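Copied over from TrEMBL, here are the features:
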- 14-196: domain 'Tr-type G' (DOMAIN)
- Asp26, His27, Gly28, Lys29, Ser30, Thr31, Asn143, Lys144, Ile145, Asp146: GTP binding site (BINDING)
Amino acid sequence: MRPMSTTSSKTPLSHIRNFSIVAHIDHGKSTLADRLIQSTGGLAEREMSEQVLDSMDIERERGITIKAQTVRLHYKANDGETYVLNLIDTPGHVDFAYEVSRSLSACEGSLLVVDASQGVEAQTLANVYQAIDNNHELVTVLNKIDLPAAEPERIKEQIEEVIGIDASEAVLISAKTGLGIPDVLEAIVTKLPAPKSEGGDTAPLKALLVDSWYDAYLGVMVLVRIIDGTLKKGMTIRMMGTDAKYTIERVGVLTPKMVAMDALGPGEIGFITASIKEVADTRVGDTITEDKRPTAKALPGFKPAQPVVFCGLFPVDAADFEDLRSAMGKLRLNDASFSFEMESSAALGFGFRCGFLGLLHLEIIQERLEREFDLDLIATAPSVVYKLFMTDGSERELHNPADMPDVVKIAEIHEPWIRATILTPDDYLGGILKLCQDRRGIQIELTYVGTRAMLTYDLPLNEVVFDFYDRLKSISKGYASFDYQITDHKEGNLVKMSILVNGEPVDALSMMVHRMAAEKRGREMCEKLKELIPKHMFKIPIQAAIGGNVIARETISALRKDVTAKCYGGDATRKRKLLEKQKAGKKRMRQFGKVEIPQEAFIAALKMGDE
Ligand SMILES: Nc1nc2c(ncn2[C@@H]2O[C@H](COP(=O)(O)OP(=O)(O)OP(=O)(O)O)[C@@H](O)[C@H]2O)c(=O)[nH]1
């Protein structure tokens, strides 16, 4: 067990500030958070790993923040008083918008961080609107003013014009050099409001369950924000949503090291542990109260995060199935928004149908399974959740194209739509408009902010889950930013397209497509597979079909020579190397009837590539 120092005494409300940092990815949120921790002495210099808040390896590697965390800082302000500043970290990527929202609900204010050289981006807007929706006071911070390209005055105007907030008192900083950090701390104290509590510290306990995660030493840890009353060690609490009761074992705060406390009072943010078995037993947004003296009214709570993208994950080697199950179980311990259930596929054998918050979430989970658990996986085409209205009046959800019922029994298929916001330098506008149009987009608005265009489009999520984001980035050379929200389900003319290799359907490659796009997509898929599937000793037809109708076809010609023939039998080392390479390649191949398909073929085939 980690050593924990103990501190007592509750902080008066007037001396607490709870805040988040909202920003577009890469605008410097984590760097600023580290600076704030460092300059308030939360950690000694030598303890600062490069980025304290982004603790998981993958987060660090990809430079994005996934799991919301919190830090309690002590700051001696210019008025001579010492304040407790609770910083709740929020994830910056669109897939985790839901986590952003719930982290924000635990605070009264936000620092709006904007890169002074880049200006407002799509996620700046999405995140700042969420903060405003949560009634947050805002402190605008312009970061990276050390860069020669920084234009703080222009960006201030842009913020006023685009977001519609006063930016005249924006704090100019460089999180990298540390310039302006004291001004940020002072602004937090003077401009952000102190928390309020109607009942005070003697009222019945009312606390918000902000987040929960699994700690290898302490088990399930729950992050709470106290609204009214006092939460103490040893107290029996009740989760009002699930009616589960627990006795609190530990109360503490994160500085970011864990520090044990005797109690937490109104306005405070801290963690508890209480022999909770699984993260899934804690419902984020739930109200925590004292069992014997409950609060009269629960907090409004949140809707649970719903997975919006599904795909199958299968082990390349069938013997890894149990390892995959156990690895997924471990990941789920810490990520209740990731779901999985067993699935069997004629072509891929046993695997799991998994649900994710979005494509990035999918990629992160797949990467963690492969890297941390050393598993080789095949992922099937990502699919959104379709609503099927059947001719008998019933309704069902379709998570997997392979489960598509007989079309004569379906009256209507509805698909999810999103509203997307895209910001781009106007040079790339033409290409982006074409991309949106090709993906069945409906333009809602096009406005200009200086030389940058701000586009609003309604798009079917099905057209976005494949590679929309990659395409957008490549068209705009990385300059366009993107954010979306799911709006509703609408009827679509959708069909299931199957892919047949050598006459055998490869269920992992079947997908739902719009009828108008089916032929083009089918042709592309066949052409791609033709390039990707190695030649065999016989001819291999590749077909795309809707129902019984073949809509596209390619043929892989038969192989004539043996792989090693080129070596002229002379160079034994080279020959052996070639065979070894082939053997290693085999591991990542799947057998379909008589045909072997390399894993890369799946991945590549699933990217639509309409360059
Ligand atoms: N020149 C300069 N670079 C900075 C400054 N602040 C941050 N950076 C750099 O900008 C990049 C992104 O910074 P992060 O702090 O990781 O950005 P972030 O907003 O936390 O990104 P996510 O974690 O993905 O949300 C890093 O390479 C930082 O070193 C600054 O003030 N000046």
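Placed from the backbone N, Cα and C atoms, the Cβ positions cover glycine too.
Just so you know, TrEMBL annotations are computer predictions that nobody has curated.
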Taking the Cβ of Asp26 (GTP binding site) as the centre, how many other Cβ atoms fall within a 10 Å radius?
17
Grab the GTP binding residues from the record (Asp26, His27, Gly28, Lys29, Ser30, Thr31, Asn143, Lys144, Ile145, Asp146) and give me their largest CA-CA distance in Å.
17
Distance-selected binding-site residues near ligand 1 (C-beta under 6 Å), from Asp26, Ser30, Ile145:
Asp26, Ser30
If I take every residue in the domain 'Tr-type G' (14-196) and average their pLDDT values, what number comes out?
84
I'd like to know which of the binding-site residues Ser30, Asn143 has the most other Cβ atoms within 10 Å of its Cβ.
Asn143
As a test of the contact definition, list every same-chain residue at least 6 positions from Ile145 (GTP binding site) whose Cβ is closer than 8 Å to its Cβ.
Ala116, Pro152, Leu172, Ile173, Ser174, Leu179, Gly180
Relative to the Cβ position of Gly28 (GTP binding site), how many further Cβ atoms are located within 10 Å?
23
